[in-house]
Ligand SMILES: NC(=O)C1=CN([C@@H]2O[C@H](COP(=O)(O)OP(=O)(O)OC[C@H]3O[C@@H](n4cnc5c(N)ncnc54)[C@H](OP(=O)(O)O)[C@@H]3O)[C@@H](O)[C@H]2O)C=CC1
Ligand SMILES: O=C(O)CCC(=O)C(=O)O
């Protein structure tokens, strides 16, 4: 079958409704558009999708929470932030998805992330629904005590809505094991229960899974490796660039290096650092994870590196690029730079890092694209393995979890290949991921009736 983009009248009608209903949420509309425009042939083949109005139902969250988070800063001032949780779809399992603490968080951002999470979680083949949450709290420059007090205040409301069989949050930008610790501590205090499975991404000493911290980044590289293998190519000796220097970026860089690639640059909000013979990973980990500092500091203490203040990593020549920072961080101009410099593959670690226009540039230039919903699903997959370990009071070894992660990423890739070939075109893994994720959710929705 040939690709069938936005031609179907039903898809056009649903998109129109979504745009009207969510007109002040451009990133949510972008995310919905990118999924729906790939579903034409599926909608054609399955008239029951339109008959049961599955698409409009899927684009409306099951439940959305907005709440006040009031807390005291170190100087005694009372601060107010806005907290969010979008419980998007629970047809495949309890709501599951991370919490993001970042100043640009708003309902539209949380909805786009929650929407993507439905398809991503479905692709893992595990029993997890889709959700996302967070707050417009900026952790930058906050003291340890302020972060703790904010997490406690956030949980004072969230605890009513979550539970191991209901909704299981985890980390995302600005939320790592430290924040999950404070959130879990407050949940335990409020409920007087040690419900290990209520949050994932916990510390490994108190119910967390080994390899969860590494899982998203490692999964990105496992997925990229599968795409390359299918083209008879490999990572060995290839120049790679990675945006970001946080959790996903760090473990993407580590796995790329383990598989023989030369990672020459990474970045954060301060700018881009280039180290031609390969980023000193252990030093970067120390700067980012232990010291919570930025790449400008990494450059300061790394004599053979160059730092470009405010510079974009996409200007650095590479074979393969890994956007691992944030949404819409790579636009059509960046894409054109990458293509001009010979980049042959872009594999998305962040959620929706490429603008729609950037994706068009890559398609035009036959650049392989590893879509976020598939490529970064390793994190949530290992979160689900953490839930399994918690439920069985078990603790699996690092190797056991990593083996399962590799198996899951391979199976996600196979789903993408199958669905791309059947409903779109060879190597259109964006369509493959959307369709593979959608079909499982659609089947469950049809089974459950109109609820
Ligand atoms: N953590 C997880 O398990 C998963 C995360 N993701 C996605 O991966 C992405 C990164 O998440 P994660 O690594 O956890 O978050 P972190 O907060 O650990 O790291 C984010 C990194 O991106 C950088 N960054 C943020 N905004 C920009 C920008 N505009 N330009 C350049 N750099 C920027 C940050 O820099 P600075 O510190 O200077 O602000 C930081 O280095 C997000 O899109 C997230 O949704 C997807 C799946 C799972
Ligand atoms: O581990 C999780 O539950 C969620 C991870 C996440 O936020 C994501 O996949 O974007």
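From the backbone N, Cα and C atoms, a Cβ is placed for every residue, glycine too.
Keep in mind that what you see is a predicted model, and the values were worked out from it rather than measured.
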Listed in TrEMBL for the substrate site shared with 96, 117, 120, 383, one of 40, 171, 174, 432: 171
For the binding-site residues 117, 247, the one whose C-beta sees the most other C-beta atoms within 10 angstroms: 117
Residues that sit under 8 angstroms from residue 383 (substrate binding site) by C-beta distance, when 6+ apart in the chain: 96, 128, 168, 170, 200, 201, 209, 212, 215
Residue 247 (NAD(+) binding site) and residue 120 (substrate binding site), distance between Cα atoms, whole Å: 19
Neighbourhood of residue 216 (NAD(+) binding site), C-beta criterion under 8 angstroms, separation at least six: 247, 248, 251, 349, 376, 378, 379
Cβ-based neighbourhood (8 Å from the centroid) of the substrate site, residues 96, 117, 120, 171, 383 excluded: 97, 98, 121, 128, 130, 131, 132, 170, 200, 379, 380
DSSP three-state assignment (helix, strand or coil) for residue 383 (substrate binding site): helix
